[in-house]
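According to TrEMBL, the protein has these features:
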type     : residues : note
SIGNAL   : 1-27     : signal peptide
DOMAIN   : 29-121   : domain 'Ig-like'
DOMAIN   : 129-215  : domain 'Ig-like'
DOMAIN   : 217-310  : domain 'Ig-like'
TRANSMEM : 317-342  : transmembrane segment
COMPBIAS : 369-385  : compositional bias 'Acidic residues'
REGION   : 369-400  : region 'Disordered'
COMPBIAS : 386-400  : compositional bias 'Basic and acidic residues'
REGION   : 416-442  : region 'Disordered'
COMPBIAS : 423-436  : compositional bias 'Acidic residues'
Amino acid sequence: MAAGGGAPEPRVLVCLGALLAGWVALGGPYQIEVHIAATGTLPNGTLYAARGSGVDFSCNSSSRPPPLVEWWFQALNSSSESFGHNLTVNSFSLLLMSPRLQGNYTCLALNLLSQRHRKVTTELLVYYPPPSAPQCWAQMASGSFMLQLTCRWDGGYPDPDFLWIEEPGGVIVGKSKLGVEMLSESQLSDGKKFKCVTSHIVGPESGASCVVQIRGPSLLSEPMKTCFVGGNVTLTCQVSGAYPPAKILWLRNLTQPEVVIQPSSRHLITQDGQDSTLTIHNCSQDLDEGYYICRADSPVGVREVEIWLSVKEPVNIGGIVGTIVSLLLLGLAIISGLLLYYSPVFCWKVGNTFRGQNMDDVMVLVDSEEEEEEEEDAAVEEEEEAHEREELPKEIPKQDHIHRVTALVNGNIEQMGNGFQDLQDDSSEEQSDIVQEEDRPV
């Protein structure tokens with residue numbers, strides 16, 4: 001610069017111009033280009049990647065001087081962390097995506113001289129299908145006779161889509177994210193099938209499915225039951241084959257058959273699965289005797305079965321036993337009388353059986369007296385006839401004695417008399433033979 005406040009020197013002006021031109025050349029970063037090679041893009045522009053897949057990241061920018069490019073990651077409800085930095089271009093790859101890598105990815109470009117920066121943030125979601133097969137079932141809607149179809153395929157992200165169709169035919173019943181459809185009775189019939197087809201954004205491409213089949217109920221019960229007055233009785237009703245499970249009700253077939261029996265102090269209702277019991281306490285003939293109805297309500301139809309309950313007075317067991325004993329004794333007396341009337345010989349033999357030993361003693365004593373008399377007569381006859389014939393054997397009286405004693409011991413008096421007469425005849429014949437021998441010439 002010249003002394004005295006004159007004009008600046010040309011050399012100074014050149015330096016000032018060069019410095020101004022340098023400031024004008026500094027700038028940026030002007031633009032950031034971000035590229036993420038993910039699985040797909042949602043309608044709102046959000047990127048998503050399938051669990052287990054690989055994702056490539058790249059970011060570049062331009063500025064004077066070249067910017068510093070850096071990647072940052074922030075997961076949900078956590079702080080940011082850096083993936084590293086580089087000049088101008090920064091790229092990297094994640095080879096195995098997992099749910100913990102879901103979040104916001106930010107590319108930051110910084111001008112080191114001007115400290116100006118620019119950044120772009122991109123949200124990346126990690127999706128995965130449910131690990132198991134879908135499940136579906138049918139049930140009666142609460143408070144109505146409509147059928148509710150429910151399909152579940154849990155464990156994936158995001159939620160799958162559900163499509164209900166009729167089989168066979170493929171008629172679409174409904175499609176939703178909830179998997180629940182309501183059907184009226186007009187859409188149902190016994191044995192009809194409904195199929196739930198599920199799909200997920202990351203596959204499998206064929207999806208997954210499950211089927212339910214609607215069945216009407218069948219009832220089984222005892223047609224008749226008996227209860228004694230003041231006692232208890234249990235009526236049983238078994239429902240089988242119903243899907244969805246039927247609602248079991250107990251009714252009384254009186255003037256108002258549609259009135260449902262409610263549990264009370266006299267009526268106890270229990271249900272185990274599809275088996276229901278009605279227990280009646282303190283049976284009364286006036287209040288409890290009659291028909292009872294077991295009803296199974298199902299969206300496919302209603303089934304009923306009737307049970308007749310008979311209430312009787314208690315049985316007098318003591319009176320029955322006494323009557324039976326009296327009849328037995330009466331029968332025994334009649335049989336004994338018939339035997340006495342039609343078979344007296346039998347009664348005589350029975351009497352001798354009880355008196356056998358005493359009769360033998362008496363008869364044997366009488367026979368002994370007769371034996372002594374006969375022996376005396378025999379001795380006299382032997383003395384008179386000793387010179388005319390040989391001495392007769394002495395065994396005859398003994399034989400007579402033995403024969404008659406045997407007859408008496410056997411209790412046959414008639415045979416005893418006949419035996420005695422035969423012996424007398426034999427003695428007469430022997431005496432005749434002796435006389436004939438005497439008349440024979442010597």
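Residue numbers in this text run from 1 along the chain shown.
Just so it is clear, glycine is given a Cβ too, placed from its N, Cα and C backbone atoms.
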Tally of DSSP helical, extended and coil residues in the domain 'Ig-like' (129-215): 3 helix, 43 strand, 41 coil
Residue distribution over DSSP helix, strand and coil in the domain 'Ig-like' (217-310): 4 helix, 56 strand, 34 coil
Predicted model, mean pLDDT over the domain 'Ig-like' (129-215): 92
